[in-house]
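For Glu284, the entry in TrEMBL reads active site, proton donor. Among the features that TrEMBL reports, active site, proton acceptor is placed at Glu481. The substrate binding site annotation in TrEMBL covers Asp152, His192, Asp200, Lys396, His401, Thr443, Asn482, Ala483, Arg512.
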Amino acid sequence: MALNLGHQIGVLCGTPVAEHGGEQPATAVSAAAVWRPQVPLANLRCRRLGAGEIDQMSPPVSPCRSPVLGATRPDLSVACQALVTDAAAETAEGEVREYGGRAEMGMGKGVPVYVMLPLDTVRPGGGVNRRKAMNASLQALKSAGVEGVMVDVWWGIVEAERPGEYDWGGYSDLMEMARRIGLKVQAVMSFHQCGGNVGDSCTIPLPRWVLEEMEKDPDLAYTDQWGRRNYEYVSLGCDALPLLKGRTPAQCYADFMRAFRDRFQPRLGSTIVEIQVGMGPAGELRFPSYPELNGTWKYPGIGAFQCYDKYMLSSLKAAAEVAGKPEWGHGGPSDAGNYNSWPEDAPFFQREGGWNGPYGEFFLTWYSQMLLDHGERVLSAATSVFHGAGVKISVKVAGIHWHYGTRSHAPELTAGYYNTRFRDGYLPIAQMLGRHGAVFNFTCVEMRDEEQSGEACCRPEGLVRQVAAAARAAGVGLAGENALPRYDETAHDQIVQTAVEGEKMKAFTYLRMGPDLFQPDNWRRFVAFVKRMGEGREGGGQCREQVEREAEKFVHATGPLVQEAAVALMNG
């Protein structure tokens with residue numbers, strides 16, 4: 001996930017919530033207390049080694065201008081309580097009443113908005129976490145005109161204990177809940193570990209039997225030049241080797257997707273409309289070059305190459321011999337600094353560094369091609385499995401915007417994107433996706449250059465424009481996400497400008513559903529944002545204030561819906 005210096009991730013905060021509609025007052029519940037992440041998230045600061053900190057404040061949030069919100073605040077507080085109440089018991093969920101759906105809100109041919117569900121939506125062992133709260137929350141999203149939701153389908157939950165044994169129970173419940181409410185689903189085939197990246201609020205490891213094999217053969221894990229292993233994702237160097245209980249990693253991914261298809265065949269193309277295929281850490285097509293776990297990397301470090309497991313080194317050695325330079329096959333550049341270096345600190349990445357020489361061209365071509373070949377293998381399996389199923393296939397690419405303004409683009413290079421001042425590294429990715437008819441999903445759409453660190457040469461807007469141009473040139477659809485939780489109008493304006501008024505996106509996925517989203521001011525802005533996205537260019541003549549005024553009635557209508565669901569939760 002791309003990082004934003006100016007918007008630090010802190011502890012989720014909420015307001016005490018009291019029961020409504022009953023004779024006896026309920027004990028106040030704090031959203032912050034119940035939704036506190038299991039893994040504390042460190043503040044994101046830009047730290048230059050040997051220099052001072054750069055710390056920017058988030059842009060100011062516009063004050064509430066609505067005379068209606070005073071009335072809706074209690075109801076939205078109940079929404080927060082629904083979100084944070086842990087209800088294990090099954091409920092008798094009746095028919096869903098819609099308030100302010102897409103037709104009622106007058107949504108035209110704009111960009112549909114999806115919302116990411118919490119990472120722990122389905123718990124290990126099966127079942128939907130906070131089931132009643134999830135039902136109430138999904139109804140609230142539907143009432144706002146949201147097209148659907150995105151959910152991680154974790155390899156480490158579904159095929160946790162033994163190879164070939166899949167437990168879809170919790171996901172079956174969730175898909176049925178979405179179907180009843182009328183929301184579509186983007187299902188992420190999450191073949192990576194949860195935990196260790198920005199925004200990871202829980203830990204879900206790879207399947208137990210995969211970890212057992214990695215313990216026997218540590219070279220199944222990505223490895224850096226210092227011998228540090230990364231267990232977020234099986235090294236792509238062994239994609240085609242039968243090292244996981246007799247199957248190759250690529251076969252494991254294909255079998256998992258096939259089992260998903262067979263289990264959810266009746267929902268494909270109707271409720272489940274998109275399959276996002278996980279390709280690496282955080283589900284992104286990249287190497288784990290900037291791992292946060294244990295403080296290994298801190299923003300805005302350049303990261304480190306991940307090519308030192310024996311399988312990657314074997315491939316590198318073969319490539320060097322073919323090139324007639326066997327001396328180049330012993331590893332990556334020795335002068336590439338460390339995880340937290342800046343480009344000027346590492347000779348390889350300096351302005352006239354080795355990245356732009358014969359050896360650099362050889363190594364970076366090989367390194368990035370390994371990533372592209374991995375994408376080809378897994379995408380070929382996905383398109384074969386889901387052919388004719390009526391779902392879109394998408395792949396997520398990381399928005400690595402720091403040091404983008406330098407010549408070498410060091411953090412992109414260590415992640416596997418061979419993108420420099422003199423070479424377009426995103427066009428080959430887009431062309432690879434185009435060969436399989438996949439959508440190019442990109443992050444950091446909400447960011448503005450002026451919000452980022454000038455010293456770290458952050459250029460998110462330029463990066464997004466480059467990716468959009470690559471997608472256009474390759475004839476592939478473009479979709480987007482925000483990299484970090486943002487509920488302010490500045491971020492919303494940037495998303496609308498990029499996704500609707502600029503290179504129109506196929507869809508936008510909003511990160512993430514949680515108690516902060518249902519806070520009154522945030523919810524008002526979100527409803528207006530969804531409306532603006534849905535109207536597309538047709539609504540371009542309306543000012544933001546006008547859109548917000550029109551959205552007020554839908555904000556107000558959300559209250560009874562969420563309150564009804566929350567009362568059922570408290571009485572169930």
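Residue positions begin at 1 at the first shown residue.
Keep in mind that glycine also has a Cβ here, set from the backbone N, Cα and C atoms.
Those TrEMBL annotations? Automatic predictions, nothing curated.
Here the features listed in TrEMBL are placed on the structure.
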{"residue": "Asp152", "record": "substrate binding site", "Cβ contacts under 8 Å, 6 or more apart": "Leu117, Leu119, Thr121, Val188, Ser190, Cys194, Gly283"}
{"residue": "Glu481", "record": "active site, proton acceptor", "Cβ contacts under 8 Å, 6 or more apart": "Met116, Lys396, Asn441, Phe442, Thr443, Val445, Phe508, Thr509, Tyr510, Leu511"}
{"residue": "Asn482", "record": "substrate binding site", "Cβ contacts under 8 Å, 6 or more apart": "Thr443, Cys444, Val445, Glu446, Ala491, Ile495, Tyr510, Leu511"}
Alpha-carbon distance [Glu284 (active site, proton donor); Arg512 (substrate binding site)] in Å: 17
Nearest-integer angstrom distance between the alpha carbons (Cα) of His401 (substrate binding site) and Glu284 (active site, proton donor): 15
Pairwise Cα distance for Glu284 (active site, proton donor)/Asp200 (substrate binding site) [Å, integer]: 14
Cβ packing number for Arg512 (substrate binding site), 10 Å threshold: 19
Position of peak Cβ density within 10 Å, selected from the recorded positions Asp200, Glu284: Glu284
C-beta crowding around His401 (substrate binding site), within 10 angstroms: 30
Span of the substrate site, taken as the largest CA to CA distance across Asp152, His192, Asp200, Lys396, His401, Thr443, Asn482, Ala483, Arg512 (Å, rounded to a whole number): 25
